[in-house]
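Asks: Structure provided below as structure tokens; questions to follow.
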Amino acid sequence: MKFSENWLRTFVNPPLSTRDLAHALTMAGLEVESVEPVAPAFHKVVVAEVLSVQKHPDADHLQVCKVKTGAAGNDEPLQIVCGAANVRAGIKVPCALSGAQLPGMAIKQTRIRGVESTGMLCSAKELGLEDASSGLLLLSPDAPVGTDFRAYYDLEDNLLTLKLTPNRGDCLGLSGIAREVAAITSQNRQSVEIKPVSAQIAETLAIHVDAATACPLYCGRVVRGISLDVATPQWMVQRLERSGLRAINPVVDVTNYVMLETGQPLHAFDLARIQGGLAGSIHIRFARPGESIELLNGENLVLQPDMLVIADDAKPLALAGIMGGNESGVTSGAVDLFLESAFFSPGVIAGKSFSLGFSSDSAYRFERGVDFGATRAAMERATDLILNICGGRVGPVTELRGSLPARDPIRLGLERVGRVLGVELDEGRVAELLHRLQFGFLNTDAVFYVTPPTYRFDLAIEEDLIEELARMYGYNRIAATMPRAKLDILSAPETRRTRSRLRQILVARDYQEVINYAFVETSWETELAGNRTPIALKNPLSNQLAVMRSSLLGGLISNLQFNLNRKQSRIRLFEIGGCFQKDGQTYSQQEKLAGLCYGDVVEEQWGLPARPVDFYDAKADIEALLWPGELRVAAARHPALHPGKSAEISIDGRIGGFLGELHPRWQQKLGLARSVVLFELNVDVLLARTLPQASEISKYPPIRRDIAVLVPKDVSVQAILDSMRSEKLSIISEIALFDVYQGKGVESDKKSLAFRMLLQDTEKTLTDAQADQVVAKLISVLENRFGARLRS
């Protein structure tokens, strides 16, 4: 919110410098982002009138002007050479006199192409008021000649820009900011006197509110016989421009001015462009299928059923609370108006502007909530200004009122105030602070019942009121103390892991966490994730971030390239984040954990030989995440992974994700010199934790037996391990694979698998015969199920 300091001081004028005023606002929670002067320093510039213009005798693009400046009581015209295209007799412009100091230049009497010039007629750019200008700055015909230009143009002013939080929509108007300044500084606020404008004609336009929940308050009135041949007053144009708005025409300028002054957006329709004119009607309703509208910004919009519109009997005229339509806007030929002031429910407007890809001042205010208690007053204020500037006659106000937001009293206890703030405020002090805030209240027995004003949508609970007291009391006056609130520390369930624990494990195993956008390239989704129906964004940040991700792998690969381009050779990354799927018209979100490994297993060192990371290193990292859960892998295909080096992961019997090396096609496409190992897991499955079971530690020595079996090449190790473990032989404490061999001495269709077994009893020392009997049983199982045989 940008505004003029001088305009603010017409409402409330505290005895504070600009700097102190900005500091006071910031300390009260209304951060002043910037303070800048309206104009740079310059002097000896006055309001002047061009009396005559003649061609320069020696330059086609120059004019020799006689200029009346009235400076220091001198009525003698000055001769000034000017090259501006818009110079002509009769205009009033700023004139820099000889000796004037302008931004970046000094003015002195000189000769230009042989003609004497004793000053300079100025453009807005030359005075530092604009970055660019096409000609002289033209002033109002009634500007008093000889007046110091800085005083006439009110340039002893500063522009303040507030960085408002979303809950403070009440400060999106000068009256709201003035209310805050008055409360902060304990000053009186001067309100604009708004008197109801009496109807001069009986004509009205029928209004039908078909969406009463979305529009619980709507005011409209007819204004006839206006003239747009007049100019918007200079003071209004200045205030608009200093708030970041340009002047368009008197009616539009008035509606914008009242919005800046009160925070209430208004809209004016050309009555002649409404279907049926006075015989027609206005409808506030939701859009119908197939309807469209061309907005004032030139955008053609196909309307959706959740969009609220202002319509006549034939078509939508405006996107309610956001922007008017081009077909019904007020242009230079308008004579009759229909003026609108309304309250639209914030939830109906919120997010619409963003989804459409543009913003508007109206939407910015309505989605935060405007003061429905001032809707009628804003209408009267705009009517009065239009009549004073454009003339005309007005009809009565038609007001349709439905169920407006309730203003239920909020309980505020002094004991709670002291406990939260750490400052003891007595009843009188709290009452004084609430009076400064203009909050209505009743109090009894150290308890206040405060009714939120109609302009404060952010007040709902006791803590909101305590925050208001803290702002008025002064955050800087509250001493630092230890919290006094009671804390109940809940015990974490042992059957659930935490996300922080998952992060700790991976960081301990040399991974670094990354956080990527949830938006990715379309090709990543269709090719890398195998998602043929990605969720497209209506308003993407860029073409490279056009769809929602269903997998985290694309972001990790992008991170890999980023690090490789910066000469990193050993990279381990992980991310925990949301992924999004579309199934028909249904959308779902799933949280996933993904990891990426590239380069050597360990940093280069003298004690260990270099070895590139592989499938089994990543598998070990996943097992560390899951301990003491049971991990199973089974060969499976994934579009991003190597068809012969990828697997599906099951966690305690539930499908949990996948693991494998990056597909050679992608490795070549990305120009990667080494293999990349990737995994992606379902976080919900990871968080479920199997409780460790206590078991007796045997005091008897274990017996180790190693066996090597020949099995068909297509038999997986996992299948063999599952078969041996399924026998549930109590004395077997461990079975592990320690060697795989194919080559000389082994048939081409076979492979040799060597397993280590530890056998141990908790009650006695095992004999060799007992151990051999158990091993023989397992060998028999493998022979029967897989055609395995012992390798001699």
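A Cβ is built for glycine as well, from the same backbone N, Cα and C atoms used for every other residue.
The shown structure was predicted, so the numbers you read here are calculated from the model rather than taken from an experiment.
What Swiss-Prot lists as domain 'tRNA-binding' is 39-150, and the listing cites sequence analysis. For 405-480, the entry in Swiss-Prot reads domain 'B5', with the evidence type sequence analysis. Residues or ranges marked as Mg(2+) binding site in Swiss-Prot (evidence: sequence analysis): ASP458, ASP464, GLU467, GLU468. Under the heading domain 'FDX-ACB', Swiss-Prot lists 698-791.
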Asks: Of these binding-site residues, ASP464, GLU468, which scores lowest on Cβ atoms within 10 Å?
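Replies: ASP464, out of the binding-site residues ASP464, GLU468, has the fewest neighbouring Cβ atoms within 10 Å.
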Asks: For a three-state summary based on DSSP, what are the helix, strand and coil counts in the domain 'B5' (405-480)?
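Replies: Counting residues by DSSP class gives 33 helix, 14 strand, 29 coil.
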Asks: When secondary structure is assigned with DSSP, how many helix, strand and coil residues does the domain 'tRNA-binding' (39-150) contain?
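Replies: Summed over the domain 'tRNA-binding' (39-150), the classes give 5 helix, 54 strand, 53 coil.
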Asks: Provide the number of Cβ atoms within 10 Å of the Cβ of ASP458 (Mg(2+) binding site), excluding the reference atom itself.
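Replies: Taking all protein chains shown, ASP458 (Mg(2+) binding site) has 16 Cβ neighbours within 10 Å.
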Asks: Using the Cβ centroid of ASP458, ASP464, GLU467, GLU468 as the reference point for the Mg(2+) site, which residues of the same chain not in that list have Cβ within 8 Å?
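Replies: Those within range, site residues removed, are ASN167, ARG456, LEU459, GLU463, LEU465, ILE466.
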Asks: Run through the domain 'FDX-ACB' (698-791) and tell me, per DSSP, how many residues are helix, strand and coil.
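Replies: Helix/strand/coil tally for the domain 'FDX-ACB' (698-791): 29 helix, 32 strand, 33 coil.
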Asks: State the count of C-beta atoms found within 10 angstroms of the C-beta of GLU467 (Mg(2+) binding site), not counting that atom itself.
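Replies: I count 18 other Cβ atoms within 10 Å of it.
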Asks: Looking only at the domain 'B5' (405-480), what is the model's average confidence as pLDDT?
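Replies: In the predicted model, the domain 'B5' (405-480) has a mean pLDDT of 92.
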